[in-house]
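Data first, discussion second: the structure below is written as structure tokens.
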Amino acid sequence: MYLVVGLGNIGKEYKKTRHNIGFDVVDIIAEKYNIEINRQKFKGSYGEGRIGNEKIILLKPSTYMNLSGESVIEAANFYKIDKENIIVIYDDMSIDIGKLRVRSKGSAGGHNGIKNIIQHLNSDIFPRVRVGIGQPDENVVNYVLGKFSKDEREIIEKVLAMSAKACISIVEDGVTEAMNKYNGVKIEV
């Protein structure tokens, strides 16, 4: 069983912002596998389904980004999911737009949502899909809560689809295979 968590902030004002990429990827997976994310529990919205023979729980925490660990630990404990089977998808400023990076473990890298998840799990050993949003020329908060330009949106739509495929690959083939397949790929206009 896998817990697939997309990080983001709830509310219309955050829809399609850089910081909500995790929500967008979870929505793509939900659509592909006909999973309705309409149940409220674990301080978030979630749905249950299958990828092949594996049961998956798709989770969108409603705690706001910096407290995402509260939602993740509640769902993981309820379903008794191993940390190695918790996949977290989130935006990453240290990666260029058009790229993603799959990792099996690691530090928070300055991302407060990941920092909170690491604290609650008491471990940094869980797979993650880091989606590049590029470096801001402006205030970081305004940048991550801002929307993509038209040109960026064209690239991001393709990266979101690739990120969903990377999550599916982790479930079907394992994190190492997903890393080999998706790390280093760059999508351009």
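Cβ atoms are placed via backbone N, Cα and C, with glycine included.
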According to Swiss-Prot, which candidate in Tyr14, Tyr33, Tyr143 joins Tyr64, Asn66, Asn112 at the tRNA site: Tyr14
Remaining residues near the recorded tRNA site, that is with C-beta within 8 Å of the centroid of the site residues Tyr14, Tyr64, Asn66, Asn112: Asn9, His19, Thr63, Met65, Leu67, Ser68, Gly113
Distance check against His19 (active site, proton acceptor) for the recorded positions Asn9, Asn66, Asp91, Asn112, keeping those with Cα within 10 Å: Asn9, Asp91
Sparsest-packed among the recorded positions, when each Cβ's other Cβ atoms within 10 Å are tallied, from Asn9, Asn66: Asn66
Cα-to-Cα gap, Asp91 (site 'Stabilizes the basic form of H active site to accept a proton') vs Asn112 (tRNA binding site), nearest whole Å: 11
C-alpha spacing of Asn112 (tRNA binding site) relative to Asn9 (site 'Discriminates between blocked and unblocked aminoacyl-tRNA'), in angstrom: 13
